[in-house]
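Reading through the structure tokens given below for one structure.
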Amino acid sequence: MNLWQWLECAAAQLPEKESALLEARLFAERVLNIAPVRQRYRNPELTVPQIAQLNALLLRRARGEPFAYILGNQPFYHLDLKVSPAVLIPRPETEQLVDAALAKIPPQDCYRVIDLGTGSGAIALAIAAERPHCRVLAVDKSWDALRVAQENARHLQLANVHFVLSDWLTAIADARADMIVSNPPYIDAHDEHLAALAYEPQMALVSPEHGYADLLHLIAHAGRCLRPNGWLLLEHGNQQAQKLRAFAAEQSGWQHIHSLRDYAGWERITCMQCSM
């Protein structure tokens, strides 16, 4: 069997038909160590071990395992990040949270930023890369997640990011930041969409109280770790913004509470400024 024959067979077996051929080509690139542009002009005969390796990757993907976990990396905000089943796969929509944060950080200012629930480090590392004068504290309660984030920081050579093991603000109660960002768990345990996310860490996805518990906890407590006029930016579900704004308005210490819409028109990020 040659490469093109395998690609045709593989693409027919993959679940995401629109991206099937691209995924098959990326598997071939990994196993055969062939650059994408060279695949167009080379059609080598595959050895038995190569076919076995390719088919093993294909089987994992056909069973529903996320493509990013199989290859072990995921692009995010111009960065190439390592990912594993210990962390959520960074999504393109979360890049809008980074955009919102960067819009509030002057390029030359030495802001202190805290990323709560950092996972792979995607948000923290993107901010650190775009704002090298900032000091970023990446926080997670999972050692396995922090190890992935630390490895990404080393690979990207970002020295302005530090890592702390903490359940939200517990271990950093004395910290004072100019900004806190977070993409916390916000999915209800009975949400029908969870089935499609079975391979990803559930503790990073699911929150009690119909998905609101962690979001409300951060609104209630994040202000104590912010300097006056500091910002809290939260990513959340597309039906949660109104309740979050109302809850924030009930708490003392928040002003300029507003939500930002994603490219599909949904309110997906809520921002509030510390008035204390």
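Every residue gets a Cβ built from N, Cα and C, even glycine.
Binding of S-adenosyl-L-methionine is annotated in TrEMBL for GLY117, THR118, GLY119, SER120, GLY121, ASP140, ASN183; the matching candidate from TRP168, TRP231 at the same site is TRP168.
The two recorded residues, GLY117 (S-adenosyl-L-methionine binding site) and PRO185 (substrate binding site), have Cα atoms 9 Å apart.
Excluding ASN183, PRO184, PRO185, TYR186, which define the substrate site, the same chain contributes GLY117, SER182, ILE187, ALA204, LEU205, SER207, ASP214, LEU215, LEU234, GLU235, HIS236 within 8 Å (Cβ to the Cβ centroid), listed in sequence order. Each residue contributes its Cα atom, and for GLY119 (S-adenosyl-L-methionine binding site) and PRO185 (substrate binding site) those atoms are 11 Å apart. Rounded to a whole value, the Cα-Cα separation of ASP140 (S-adenosyl-L-methionine binding site) and TYR186 (substrate binding site) is 16 Å. The Cβ of PRO185 (substrate binding site) has GLY117, MET203, ALA204, LEU205, VAL206, SER207, GLY211, ASP214 as same-chain neighbours under 8 Å, each 6 or more residues away in sequence.
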